[in-house]
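Chemist: This structure is in structure tokens; I'll ask about it shortly.
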Amino acid sequence: MSTQTFNPREGQSTGSHGRIGFVSLGCPKNTVDSERILTQLRAEGYDIVPSYHDADVVIVNTCGFINSAVQESLDTIGEALRENGKVLVTGCLGAKEDDIREVHPNVLSVTGPHAYEAVVGQVHDVVPPKHDPFISLVPDTGIKLTPKHYAYLKISEGCNHRCSFCIIPSFRGDLVSRPVGQVLSEAERLVNNGTKELLVISQDTSAYGVDLKYRTDFWNGKPVKTRMKELCQELGKLDAWVRLHYVYPYPHVDEIIPLMAENGILPYLDIPFQHASPKVLKAMKRPAHSEKVLERIHRWREICPDITLRSTFIVGFPGETEEDFQMLLDFLEEAQLDRVGAFKYSNVDGAASKELPDQVDEAVKQERLNRFMAVQQRISAAKLQAKVGTRIEVIVDEVVEEGAVARSKADAPDIDGQVFLDNQTHLKPGDRLWVEVEEADEYDLWAHPVA
Ligand code: SF4
């Protein structure tokens, strides 16, 4: 009847983010609830640690199915309180809050089953989320609790690269991929439980499986290689939108563009280029062939004209001259990317780039960021303006007093734009529908439903 997500008495873990202990009890449905909570917490940068003593807070996901399960849940809560002290209770037994508080009055909170958002919100209260633009997989601007209709699907941990501005490999280690069968099982469970959009995340999605030498695993009785292309092909067969994040610009990324053209997965690529000057890219220890990148972008658009390209860039990296920066602006004009995020470079303790000479003056960095954003806003506005009058498919994220807030295939949650559907208050989160675009600004669209 029970599943221990961690062995509370073993192991040491060090993490620079909030550290969560998690005990999952009960049936497979409860396990799915636990996975959803853990997925959200991991996506926000929390570490899941294997012992009570390493945790900042412990979540106990309880079972209340039969008496022995109730007793096991109460015993586990008691153990967590003794060993750690900060305990959040959720799950089936949580529906009987009085019974729990009678035995354990000191638990911090009690929620019932499927209360994913509430549990994550309680974790935020006890251990507020931290944000580092070079580390987090979700932005600090309005981290939202993942609603039921979309979910993050983490396919690997760690990274084999050593970008000079990044400290992730120093605490998350080298790439460790999850076997493809495990990832696909999780994806299928999510879709069966109402997820309409899977957001594939990792530190380096295109390296998926390298560490396992692309080992063949099994999924639904058939062999599948643990590799990005095969993963995408199989995910594309599920009844959900599949969106790829954090795709490192390896040449083999080209192989998945035809799959996007055939609607297997969303025609959306989140591919951080970081810069365009070969000199700066070399100092960043990133692939330094921006002409080849431009050629590839043109080719991707020939194969899949609807593709949305999102990227991130760093301005003001040590040694960046005005000439380097101009190359970046030229690249931006030429590449005509759909979505762009930009960060001013800042030194991070432990990052190799901190020791580089010719650090750029703060005022110069800000001035370059402003120029960069002005160019990109113009490009983005023109791209969105071109959508006015066209018909697009959207998914509803939330319904407010004025209408529904939706996203198109070109928009990832939280980081991209939105599509506002005025007065459409009858819609529900997760609804998918076709709309006609009426209006656009630099980032968002306004539209109305069409038959
Ligand atoms: S690819 Fe570079 S920036 Fe991304 S996690 Fe790896 S080392 Fe960090």
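Cβ coordinates are placed from backbone N, Cα and C, and glycine is handled just like the others.
Automated prediction, rather than curation, is the source of TrEMBL annotations.
Pulled from TrEMBL, these are the listed features:
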BINDING   CYS27, CYS63, CYS92  [4Fe-4S] cluster 1 binding site
BINDING   CYS159, CYS163, CYS166  [4Fe-4S] cluster 2 binding site
DOMAIN    18-128  domain 'MTTase N-terminal'
DOMAIN    145-382  domain 'Radical SAM core'
DOMAIN    385-451  domain 'TRAM'
Chemist: At the Cα level, what's the spacing in Å between CYS63 ([4Fe-4S] cluster 1 binding site) and CYS159 ([4Fe-4S] cluster 2 binding site), rounded?
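Modeler: With distance taken Cα to Cα, CYS159 ([4Fe-4S] cluster 2 binding site) is 37 Å from CYS63 ([4Fe-4S] cluster 1 binding site).
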Chemist: For the domain 'TRAM' (385-451), DSSP counts of helix, strand and coil?
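Modeler: Reading the DSSP string over the domain 'TRAM' (385-451) gives 1 helix, 34 strand, 32 coil.
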Chemist: Just the binding-site residues from CYS63, CYS92, CYS163, CYS166 whose C-beta lies under 6 Å from any atom of ligand 1, please, or none if there are none.
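Modeler: From CYS63, CYS92, CYS163, CYS166, counting a Cβ under 6 Å from ligand 1 as near, the near ones are CYS163, CYS166.
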Chemist: Test of understanding: give the count of other CB atoms lying within 10 angstroms of the CB of CYS159 ([4Fe-4S] cluster 2 binding site).
Modeler: 21
Chemist: In whole Å, how far is CYS92 ([4Fe-4S] cluster 1 binding site) from CYS159 ([4Fe-4S] cluster 2 binding site) when you measure between their Cα atoms?
Modeler: 37
Chemist: Roughly where does the domain 'TRAM' (385-451) sit in mean pLDDT, to the nearest integer?
Modeler: 95
Chemist: If you draw a 10 Å sphere around the Cβ of CYS63 ([4Fe-4S] cluster 1 binding site), how many other Cβ atoms fall inside it, taking every protein chain shown into account?
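Modeler: A 10 Å sphere around the Cβ of CYS63 ([4Fe-4S] cluster 1 binding site) contains 24 other Cβ atoms.
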Chemist: In whole Å, note down how far the CA of CYS166 ([4Fe-4S] cluster 2 binding site) lies from the CA of CYS92 ([4Fe-4S] cluster 1 binding site).
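Modeler: One finds 41 Å between the Cα atoms of these residues.
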Chemist: Secondary structure at CYS63 ([4Fe-4S] cluster 1 binding site) (DSSP, helix/strand/coil)?
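Modeler: It is coil.
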Chemist: Test of understanding: give the count of other CB atoms lying within 10 angstroms of the CB of CYS166 ([4Fe-4S] cluster 2 binding site).
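Modeler: The Cβ of CYS166 ([4Fe-4S] cluster 2 binding site) has 23 Cβ neighbours within 10 Å.
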Chemist: What are the sequence-distant neighbours of CYS163 ([4Fe-4S] cluster 2 binding site), meaning same chain, six or more residues apart, C-beta distance under 8 angstroms?
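Modeler: Long-range Cβ contacts: GLN274, MET284, LYS285, ARG286.
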Chemist: With DSSP assignments reduced to helix, strand and coil, which class does CYS166 ([4Fe-4S] cluster 2 binding site) get?
Modeler: coil
Chemist: Summarise the domain 'MTTase N-terminal' (18-128) as counts of helix, strand and coil residues per DSSP.
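Modeler: Per-class counts: 55 helix, 23 strand, 33 coil.
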